[in-house]
Structure formats: C-alpha cells, structure tokens
Amino acid sequence: MNFKSVVLCILDGWGNGIGDSKYNAISNANPPCWQYISSNYPRCSLSACGTDVGLPDGQIGNSEVGHMNICSGRVVMQSLQRIDREIKTIENNKNLRSFISDLKDKNGVCHIMGLVSDGGVHSHQKHISTLANKISQHEIKVVIHAFLDGRDTLPNSGKKCVQEFEENIKGNDIRIATVSGRYYAMDRDNRWERTIETYEAIAFARATCHNNVMSLIDNNYQNNITDEFIRPTVIGDYKGIELKDGVLLANFRADRMIQLASILLGKTGYTEVAKFSSILSMMKYKEDLQIPCLFPPAFFTNTLGEIIADNKLRQLRIAETEKYAHVTFFFNCGKEEPFSNEERILIPSPKVETYDLQPEMSAFELTEKLVGKIRSQEFTLIVANYANPDMVGHTGNMEAAKKAVLAVDDCLAKVLNTVKEINDAVLIVTADHGNVECMFDEKNNTPHTAHTLNKVPFIIYPNSCNNLKLKDGRLSDIAPTILQLLGIKKPDEMTGSSLIV
C-alpha cells in the first residue's frame, strides 16, 4: 500500500459503549455520519486501558497515555506504573536526598502539593503519602496542599480519599494545610485567575479559612459543590510559604501543573511571588521551568512523528487548547520541540466556566482550518484531536454531551467529504480512551464524569481500498498501521502490529 496521505482524527473520550444504554451519549444522539461510517467502512476495536497501554491492570486510560501509545507504536510503561515500582526505594534518589538535606540545614517546612486522588491519571494519593512519610522521618515538618479530583473519579469521592490519606500519614508531623478543587489548582487553559486563587492560598494563606478538612468537604457537598469545584481554602492556622521552606510538586502528569509551577517560580506576569529555598517535582514538567525531578523522562526513538520527519515528509498537528499538548508534546512522547517539517495549529478553546455551557467548544473553527489543510495536500500525516467528547463528558451533563457528540459528528462529515476529494488519501477515525459513552453511574447513583475501561473504535476510509480487513488490537497498533498505509517500513522499536489483515 502506498497512499500519499493519512488524516488521523482522534475523537477524545469516544469509547465503545452499550448501544442501547440510556446513558450512552453517542447512541442517544444518533450521530448520522458516525452511524454511516461505522456501518460502511472497515472497523475494529482497540484496547485503551490497563496493561495494554502500560498502566496497572484495570486502570482507566487517559489522553496522555493514549496519545503516547498511539504515536510510539509500542506499549509505553506509564508514570503510574513506573512510580509504583520505584517509590519503595525513593529514599535513595539523589534529588530527594538533596532536597531533604536543604530542608534540614535551614530547618524548613516541606510543602507537598498534588491531587489527593486514587484516580491514577495525574497522580496517586499513595505516592503523596509515601513521600510525605519518608520526608517526615527526617524530622522535617510536612504540610500538604491537597487538590481534590471528582473528574477522573466520582464527583464526591474526595472525602473518602482524604480520609484514607490522613490515615496513611497518621503518627507523623504531617497535616493538610490547604484544600483546592482541581478546577482551580490544575487549570491548563490559561484561566490564570483560577490558578492564582490556589497559589495565593498556598503561598500567603490568603483564602477563606476552615478549621477541619472533613467538615469543609461536607459543607461543600451540602451546597452541591463537588470535589472539583471546591474553592481554595486554608485549613487551621497555616500561614503560608517561608524563605527557608521547600516545595514538592507531586503530580506526575505535566500538563495541569505547568501554570501553578510557573507562578511559583515567578515566570508569569504575576508579580507577588513567595520566595522559598528549594523545589522538586515528581516528573519533568517543562524544559524552561528547570525544576529538578524525582523521575527523569524516558526517551523514545523512532516514534511515528520522527519517522515521518526522517523521511523528509510534512506533518500537521491540530487541536484546540484543551488537547493541544496531547497532539504535540505527548504525541511526540515528551519531546517539546516540533520535528522537522512539523506544523502545529492551536485553536483557542472557548472561555466558559465549564464546557457543558458550550458543548461544541471550538470544533467548528478547528474543522474549518483542518479542511483547508487537507485540501492543500501539503501533508503526509495530519493528526487532529476533537476535545468535545472528553471535556463535555467530564461534566456529567447528558444533554450537553449529546450536543457535543452531534457537533463532532457534523465536523467529521466535513472531514470525510474533504478526504473523499483527495486521491490516495486515507481517513482514520479513532479515540484515545472512553468517556462520553457512559454518562451515569447507576451503582453509585451519580453522574459518571471519569474515563471508562471500554475499548475504542478504529475506522478507516481508504479511497481506493474498500475491501480492507481489520483485526482488533490496542492503541500501539495504530502507528504501524499508518506506516503500512504509507508504504514505510516499521522500525524494530515499534512492537505494535498493523491492524490490517
């Protein structure tokens, strides 16, 4: 096979759900283009969670994991799995020893901030409690700045997570000093006012004060405020960060920590910056932040983007703000700089409080740009991400999710019709994980806002090869399939297999 171009459309959070479920936003929306391509073009299903994507067995997938597996053509051991394995001997880590030594010398307090959640997408609470306990054993006072989840977990699971966390730190000089919903603490869409609200609570204890974490959470629940949206709050007599203190950023996923880390380091326009002695992060967040980390990044060679570049071919990555990092940084397996002949287009996400208020997000603007680029026939590989199914799925709003599905479906029809105009072009429609196909948790009688364990679709429209047969596989099989379609030899590093039978 020697097609001239491949358009890879990643419908973020669009999984294979139960077709007749009243909680499946896809089937309930009756998207016409989707129904047509599902019935008329070659299709298979891909595993997007657990050990098939380098996560612990039974762990939900996510966008970072999904995009890395898609581009690398191999199962990538993920941060959660790696840290689970290595944190048992973390006291031998050179950067941690240096961090502890500095705190001891200055008699400083260790400020650990991160998502206290068992979701395993951005962090894991057991990693945070392990670090806190190990540092506390050096007779260092530890305070926790707890971010609450409710997005990769059930909306009201924060209380249980905090209870378990406090049980695990009991007996050491460790306490929770501030609490903040991730909506504020972990913004990645340049809503700096949210990040600043969290920062001011952490740095200066400038926020509403509450005496007890559990009663704070209960009060919010009673007012129908779920974990994600709890406003930054100071607990007890916490006074803020001092010059002698150290800061440890405990989330292992980078994209939702960059804004907070940037303010902490004075790398934004925000001028009131608290001084501290040392800083450490769980993983590398961003090159220009220059924060020492506990777990340096793994390096990958012969990823899909690299192979396209090495063959002197052009490629395009396009997404709106919420998923831009996924089609660039994560799709390049942690490489920030574009490859040679790699063009990137960022479409701003709408400035709304939550995306159920504008479920179409910026999909139509993205599609207008995408269609023009397909018609230009400049690119051998185009990677596009539609954020709507995931971002609106996370709100738990079924009606909005159906609107998001229909908006993406309308865009997909435009993309398909454009690809049909081009000779020797292929359209692949797939997803990185599930979400929008399950909008309610009957067991817990609550909206389902997290990702799912469902497989994801893989549909291919080849302009001149309608008898193509596909086999089921996993996300790491996508890159080898694309290379086969382009007539490019798969490198040895890609252990995935082409889905084409």
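Just so it is clear, glycine is given a Cβ too, placed from its N, Cα and C backbone atoms.
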From the candidates Arg182, Arg317, give the one listed by Swiss-Prot for the same substrate site as His122, Arg151, Asp152, Arg188, Arg253, Ala254, Asp255, Arg256, Lys323.
Arg182
Site-mate of Asp12, Asp432, His433 for Mn(2+) 2 in Swiss-Prot, selected among Ser63, Ser72, Ser376, Ser497:
Ser63
Of Asp12, Arg188, Asp432, i.e. the binding-site residues, those within 10 Å of Ser63 (active site, phosphoserine intermediate) when Cα atoms are compared:
Asp12, Asp432
Taking only the binding-site residues Asp152, Arg188, Arg256, Asp390, His394, which one has a CA atom nearest to the CA atom of Asp12 (Mn(2+) 2 binding site)?
Asp390
Inside 10 Å of the Cβ of Asp432 (Mn(2+) 2 binding site), count up the other Cβ atoms and send me the figure.
32
Can you list the residues of the same chain, besides Asp390, His394, His451, whose Cβ falls within 8 Å of the Mn(2+) 1 site's Cβ centroid?
Asp12, Gly13, Asn62, Ser63, Arg151, Asp152, Pro389, Met391, Gly393, His433, Asn435, Val436, Thr449, Ala450
If I take the alpha carbons of Asp152 (substrate binding site) and Asp390 (Mn(2+) 1 binding site), what is the distance between them in whole Å?
11
Among the binding-site residues Asp12, Asp152, Asp390, whose Cβ has the fewest other Cβ atoms within 10 Å?
Asp152
For Ala254 (substrate binding site), name the DSSP secondary structure in the helix/strand/coil scheme.
coil
